[in-house]
Amino acid sequence: MKKLYLKTHGCQMNEYDSAKMADVLKFSHGLELTEDPAVADVFLLNTCSVREKAQTKVFSELGRWRPFKEKRPHVVIGVGGCVASQEGETILKQAPFVDIVFGPQTLHRLPDLLDSVIQKRKSVVDITFPEIEKFDRLPQPRAEGPSAFVSIMEGCSKYCTFCVVPYTRGEEISRPFDDVIAEVASLCEQGVREITLLGQNVNDYCGLMHDGQVADLALLIHYLAAMDNIERIRFTTSHPSAFSENLIDAYAEEPKLANHLHLPVQSGSDRILAAMKRNYTVLEYKSKIRKLRAVRPDISLSSDFIIGFPGETDADFEATMNLIHDMGFDHSFSFIYSPRPGTPAAQLPDDVPMAVKKERLAILQNRINVKAAEISQSMVGTQQRILVTGPSKKYPDQLSGRTENNRVVNFNGDTPLIGQMVTIKIKEARPYSLWGEIC
């Protein structure tokens, strides 16, 4: 059996895409995943262009793969994802040993691309945007455990000034409503109990229904919650400007919708938000959270922050810190700003010194870490309903799962509990997890 070595950079959407790459090549060519590159026949790198030095990271990885191809010339190396979409033929110029370059929207064509390389021994590039075609040509989803990702839309049409996603993944396109329902139903039959709905801007979902009507994210959640085997529903990533009243109503009406929301705000300064073209103000963001907490008072809130965006002053940063205090975020993905090629913000002077960026990032992360520790400590003594996902990564003799507010809980238990919802009494708050006992 031939082997596939697959490495993924970036977000949950990329993780989902990588799983589909493995599925489609297993179905078409019988390729089995391996964690040992020395025995691999096909190498795939699924890339992310959001963070700093993304291209450098890609070519460094490819450099580590080159000796495998020199030693075994039949090896096929492919580069996919957002860097592939952004760089295209440039990848072949800088790394001529690469055989396949494909974008996020053409991963379903991997079997044909692989056949072309094998037959012609010539590199191929396909970074087109064939809309929603890829979902129609993928194999049936395979569950890897009781929790699964389901992509419900692709691309983004917000065009924030710092972001490359609209240029690398294309405009927003929603999957048909019935297709999403069918995929979730198939996963349920395989034992999945928790679904995470994915999209670059997931709450802009507008799925065409069989009767010609259009379903928004809230309606999709209502339908999924009606499935008996679904115990919990999550979604990511949301955009504040598209966070609707219907979605707030769904939190009020559907107990299966997890008591956690990731809603990236990026900055607490209206001036910086305008420069980012985020299309909301701090007051509007706060208003949506206030309405949400009126129906879910104890909901856990996480966010994204970009530190040191061009023109960010001490006052702008202080406004961000004030927002963090007011909102009580207990987790964040926070990054130092770096210009992404081809974005409007890349034309702005990157005028915040790196030392200042690093200092601000450390201050922000410390504030959020303190809040997260406080919340974790407050959970000691409470009973939490968790979905048991498998053995603990850190403590293999224990089982592990996640609370509704997305905290890892480790506990002693037997393997038949995997895939079940259990109630755990939290006994201890640890730095990156909780520990408890079955009630």
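Just so it is clear, glycine is given a Cβ too, placed from its N, Cα and C backbone atoms.
Annotation source Swiss-Prot lists [4Fe-4S] cluster 1 binding site at Cys11, Cys48, Cys82, citing sequence analysis. Counting every protein chain shown, the number of other Cβ atoms lying within 10 Å of the Cβ of Cys11 ([4Fe-4S] cluster 1 binding site) is 19.
The [4Fe-4S] cluster 2 binding site annotation in Swiss-Prot covers Cys156, Cys160, Cys163. The DSSP secondary structure for Cys160 ([4Fe-4S] cluster 2 binding site) is coil. In the structure as shown, the Cβ atom of Cys160 ([4Fe-4S] cluster 2 binding site) sits within 10 Å of 21 other Cβ atoms.
Annotated domain 'MTTase N-terminal' per Swiss-Prot: 2-119, in sequence order, evidence recorded as sequence analysis.
Annotated domain 'Radical SAM core' per Swiss-Prot: 142-374, in sequence order.
Positions annotated as domain 'TRAM' by Swiss-Prot: 377-439.
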For the domain 'Radical SAM core' (142-374), the mean pLDDT of the predicted model
96
If one measures from the C-alpha of Cys82 ([4Fe-4S] cluster 1 binding site) to the C-alpha of Cys160 ([4Fe-4S] cluster 2 binding site), what distance in angstrom results, rounded to a whole number?
16
To see if you understand the setup: which same-chain residues, six or more apart in sequence, place their Cβ under 8 Å from that of Cys48 ([4Fe-4S] cluster 1 binding site)?
His9, Gly10, Cys11, Asn14, Ala54, Gly81, Cys82, Val83
Among Cys82, Cys163, the one of these binding-site residues whose Cβ has the fewest neighbouring Cβ atoms within 10 Å
Cys163
Sequence-distant neighbours of Cys156 ([4Fe-4S] cluster 2 binding site) in its chain (C-beta under 8 A, six or more apart):
Cys163, Val165, Pro166, Arg169, Glu171, Glu172, Gln200, Asn201
